[in-house]
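Visitor: Okay, here's the structure, questions in a sec.
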Amino acid sequence: MYDWLNALPKAELHLHLEGSLEPELLFRLAERNKIALPWDNVDALRSAYNFGNLQEFLDLYYAGADVLRTEQDFYDLTWAYLQKCEEQNVVHTEPFYDPQTHADRGIPFEVAMRGISGALADGRELLGISSGLILSFLRHLPEEAAFKTLEQAMPFRDAFFAVGLDSSEMGHPPSKFERVFAKARAEGFLAVAHAGEEGPPEYIWEALDLLKVSRIDHGVRASEDPKLIQRLIDEQIPLTVCPLSNTKLCVFDDMSQHNILQMLEQGVKVTVNSDDPAYFGGYVTENFMALHESLGMTEDQARRLAQNSLDARLAK
């Protein structure tokens, strides 16, 4: 089944570039940039990946991102991910980039952008993988910081097709960023947002009605609100679901409890994605495989999920 799932043409619509930083590459970049790491070796780092919730993961994620310093580092990170896409027949990808993660460390916007954009361009030319980049705001930071990030991104306007919202969800509702998203949409950006992962269904309503998003990232808690589920079905609003991430971060205690196939059968446009694959134990094919092993996903369901991902693309 793995080989069949791997060969299925698919798109990835929920992927944080920094979250694809494998321990081996992290150590290599640390060495190149002469950065001392708190882990003695790759195995010690891998065992640190045994976190219990979103905040513990984010602490580790931001520590790992610290090794990204130069244009070449960002190129290598993005290129390694694209090679994985090629291996798994991911023909299109729409990754998130969080400039604030790096601006706070003094990394100039253009340094990261040259590396990422260069790799994505090479991915199109050499691997045949189409892509679009999402400018994502960190929701635990103030609205003012998001406005500043949007302003800094304008010289690179053509590199991005959409804005997004991620990081710690609880206590940071989408409404906090309503004005930033309005400005971004006025500049021609499409909008997506993380909502309904740890946060309640109300956050999904806010993302739809206040941020005017075209797609919801995660969205698994929509199941708690029948009216919301009906709206998602009626308007065919895609959800970019990340099964391995959801179990690793204890959104579901066990994969056998995951609701993605239930939503698929209800008519919700759900898709399968890897989120932060280096940290959550697998890329897109591994996520499909987990659904097959734990939920008995059929070939027909896998085909529909893969087709949903291709249909839910926003980047032209």
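Residue 1 is the first one shown; counting continues down the chain.
Each residue, glycine too, has its Cβ placed from N, Cα and C.
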Visitor: Can you match one of H102, H140, H172, H194 to the Zn(2+) site that TrEMBL gives for H14, H16, D275?
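Guide: For the Zn(2+) site that includes H14, H16, D275, TrEMBL also lists H194.
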Visitor: Please list, in sequence order, every residue of the chain apart from H14, H16, H194, D275 whose Cβ lies within 8 Å of the Cβ centroid of the Zn(2+) site.
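Guide: Same chain, not in H14, H16, H194, D275, Cβ within 8 Å: L15, G19, F96, D166, D217, H218, T240, C242, S245, N273, D276.
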Visitor: Going by Cα-Cα distance, pick out whichever of the recorded positions H14, H16, H194, E197, H218 is nearest to D276 (substrate binding site).
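Guide: In terms of Cα distance, D276 (substrate binding site) lies closest to H16.
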Visitor: Using Cα coordinates, what distance in whole Å links H16 (Zn(2+) binding site) and E197 (active site, proton donor)?
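Guide: Distance (Cα to Cα, whole Å): 15 Å.
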Visitor: Can you tell me how far the Cα of H194 (Zn(2+) binding site) sits from the Cα of H218 (site 'Important for catalytic activity'), in Å?
Guide: 6
Visitor: Between the Cα atoms of D275 (Zn(2+) binding site) and E197 (active site, proton donor), find the distance and write it as a whole number of Å.
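Guide: Computed Cα spacing between D275 (Zn(2+) binding site) and E197 (active site, proton donor) is 12 Å.
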Visitor: Can you give the mean pLDDT for the domain 'Adenosine deaminase' (9-311), rounded to a whole number?
Guide: 96
